[in-house]
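Features as listed in Swiss-Prot:
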- 351-370: disulfide bond (DISULFID)
- 392-409: disulfide bond (DISULFID)
- 481-497: disulfide bond (DISULFID)
- 523-540: disulfide bond (DISULFID)
- 74: N-linked glycosylation site (CARBOHYD)
- 168: N-linked glycosylation site (CARBOHYD)
- 356: N-linked glycosylation site (CARBOHYD)
- 408: N-linked glycosylation site (CARBOHYD)
- 488: N-linked glycosylation site (CARBOHYD)
- 348-388: repeat '1-alpha' (REPEAT)
- 433-466: repeat '1-gamma' (REPEAT)
- 478-516: repeat '2-alpha' (REPEAT)
- 520-558: repeat '2-beta' (REPEAT)
- 1-39: signal peptide (SIGNAL)
């Protein structure tokens with residue numbers, strides 16, 4: 001007979017119930033036992049610290065479990081379930097078994113709606129945070145002696161209890177092993193400070209790595225280094241700010257307007273703790289490689305004859321599907337729509353500029369070095385217009401070669417020519433004519449035209465106030481880095497990453513080109529636009545073979561050919577990168593790893 005329908009409590013003072021020596025866990029408020037008949041079968045995954053080479057597969061499996069309900073129709077970045085909507089208990093948590101080098105195992109219970117650690121167990125004792133919920137209490141680690149910790153699971157509380165900030169805590173295989181097999185396994189005989197510090201290690205190496213491919217890569221490298229027992233790293237400013245700002249970046253992505261333009265700004269820091277303002281999705285993705293988003297808001301359903309005013313959902317993210325109703329979340333969580341003002345940069349990093357800072361009707365729009373002047377400020381309105389100084393950007397007609405100017409929005413000679421659509425790949429298109437903004441040449445004072453879309457670099461644009469090229473190395477198949485000779489008409493290939501090697505550094509321009517950092521007149525180029533054509537380095541010319549788009553699925557796409565960069569035959573020894581049809585295979589996966597000061601990843 002069940003003694004209690006829910007949970008059987010035997011509440012005693014921790015110091016008495018466990019016979020704990022003075023100075024260890026003396027501030028635990030209570031100990032209780034749970035009814036084992038309430039045990040739920042949750043999805044479970046395993047990771048053995050001795051098998052560090054499987055770390056990438058472990059993180060991939062974790063992402064797959066927590067995104068099983070994500071819509072499969074649209075973009076590539078899944079949004080986690082909304083905790084405000086009903087989620088079957090059996091699908092609410094995932095159990096992660098972490099086994100140390102001595103065979104001891106710690107089990108984490110992660111909430112699938114946010115990847116937070118809800119509770120954990122070790123050595124047949126379950127530990128809950130101070131702010132545990134009834135859902136957690138009634139369904140996790142039933143039948144175990146259970147201890148309630150005096151702190152919560154957020155970073156502020158954990159760092160306060162640990163007495164040390166994350167920036168001063170080493171991460172890597174040895175810290176993870178010690179966290180699991182010493183501090184967490186021996187939780188009843190160590191201080192709460194030790195438990196909190198251990199959790200800071202575990203959370204970053206599991207939950208944060210699942211949220212961000214950037215963090216996953218840093219951790220993975222620590223596992224696969226030749227001397228991994230000694231190899232550790234500490235979080236830098238970029239990593240810490242990514243962890244802190246995950247909710248705000250999730251909100252900005254979900255409410256971003258077409259082209260992934262943010263309504264607000266995500267305030268990050270670079271690795272040296274200098275401010276880094278991010279106002280568009282492409283920049284955010286290149287810095288963080290965000291892989292999962294917290295649910296913040298949904299997009300309104302488009303009614304007959306209309307389209308969503310926030311189409312970024314279809315271009316970037318996969319919204320969760322209500323596991324009970326089989327529909328996407330909307331209702332009261334609908335995203336608010338804004339009208340951000342940003343700069344628009346393009347060919348050779350030059351900005352769109354209203355000539356002579358004049359707001360007279362008919363003044364052409366030209367390329368000009370980027371600055372803070374008002375005639376380079378463009379506001380993206382919900383009616384589809386893009387305006388500067390109160391005037392609409394419009395073409396002089398619907399014919400290829402017509403120039404682009406500003407004009408009074410209500411009296412423009414070709415009314416529908418004032419409407420524009422910004423694509424996530426950087427094209428700005430007039431939907432009536434299908435023509436796109438184009439810079440005929442890379443020179444200041446060049447007047448912009450509308451022409452047929454060829455997906456050339458002359459037609460690539462980036463909307464955002466950070467107009468400087470992003471310098472990065474590019475990690476590909478087998479976690480090796482893209483490298484070139486930095487000379488014209490030479491091939492690129494993969495080598496072991498050595499971040500102090502200039503041949504592995506690339507500058508990402510707003511026109512969609514990937515340039516040699518040491519000579520920015522040289523561009524990564526496809527030697528043709530057919531499958532199996534080689535990827536080489538050529539002098540930049542703004543052509544169709546030099547525009548490359550980093551997709552959220554990890555591929556690098558040539559939008560004209562609709563082919564992606566591919567390590568030929570998955571064989572790095574061939575030293576060939578080619579264009580090929582998308583297959584989803586690992587030899588077509590790439591990631592940017594950006595650092596402004598270019599230290600080693602393990603520093």
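Including glycine, each Cβ sits where the backbone N, Cα and C put it.
Features per Swiss-Prot, on structure.
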{"residue": "168", "record": "N-linked glycosylation site", "CB count, 10 Å": "11"}
{"residue": "351", "record": "disulfide bond", "CB count, 10 Å": "23"}
{"residue": "356", "record": "N-linked glycosylation site", "CB count, 10 Å": "11"}
{"residue": "370", "record": "disulfide bond", "CB count, 10 Å": "20"}
{"residue": "408", "record": "N-linked glycosylation site", "CB count, 10 Å": "16"}
{"residue": "409", "record": "disulfide bond", "CB count, 10 Å": "17"}
{"residue": "481", "record": "disulfide bond", "CB count, 10 Å": "21"}
{"residue": "488", "record": "N-linked glycosylation site", "CB count, 10 Å": "14"}
{"residue": "497", "record": "disulfide bond", "CB count, 10 Å": "21"}
{"residue": "540", "record": "disulfide bond", "CB count, 10 Å": "23"}
Item to check | Integer Å distance between the CA atoms belonging to residue 540 (disulfide bond) and residue 370 (disulfide bond) | outcome: 20
Item to check | Residues satisfying Cβ distance under 8 Å from residue 523 (disulfide bond), sequence separation of at least 6 | outcome: 457, 513, 514, 515, 516, 537, 538, 539, 540, 541, 546
Checklist outcome for this item: Across 348-388, 478-516, 520-558, the most C-beta pairs under 8 Å with the repeat '1-gamma' (433-466) come from 348-388
Checklist outcome for this item: For the repeat '2-alpha' (478-516), the distant same-chain contacts (Cβ-Cβ under 8 Å, at least six residues beyond its ends) come to 217, 220-221, 224, 286, 345-349, 425-426, 457-458, 460-462, 467, 469-472, 522-524, 534-540, 542, 546-550, 567, 572, 575-577, 586, 590, 592, 595, 598-601
Item to check | Separation of alpha carbons, residue 488 (N-linked glycosylation site) and residue 497 (disulfide bond) (Å) | outcome: 22
Checklist entry - 10 Å Cβ neighbour count around residue 392 (disulfide bond)? => result 25
Item to check | Reduced DSSP assignment, residue 497 (disulfide bond) | outcome: coil
Item to check | Whole-number Å value for how far residue 168 (N-linked glycosylation site) lies from residue 408 (N-linked glycosylation site) (Cα to Cα) | outcome: 56
Checklist entry - At the level of the C-alpha atoms, what whole-angstrom distance separates residue 392 (disulfide bond) and residue 488 (N-linked glycosylation site)? => result 41
Checklist entry - Roughly how many angstrom lie between the C-alpha atoms of residue 481 (disulfide bond) and residue 488 (N-linked glycosylation site)? => result 20
Checklist entry - Using Cα coordinates, what distance in whole Å links residue 488 (N-linked glycosylation site) and residue 351 (disulfide bond)? => result 27
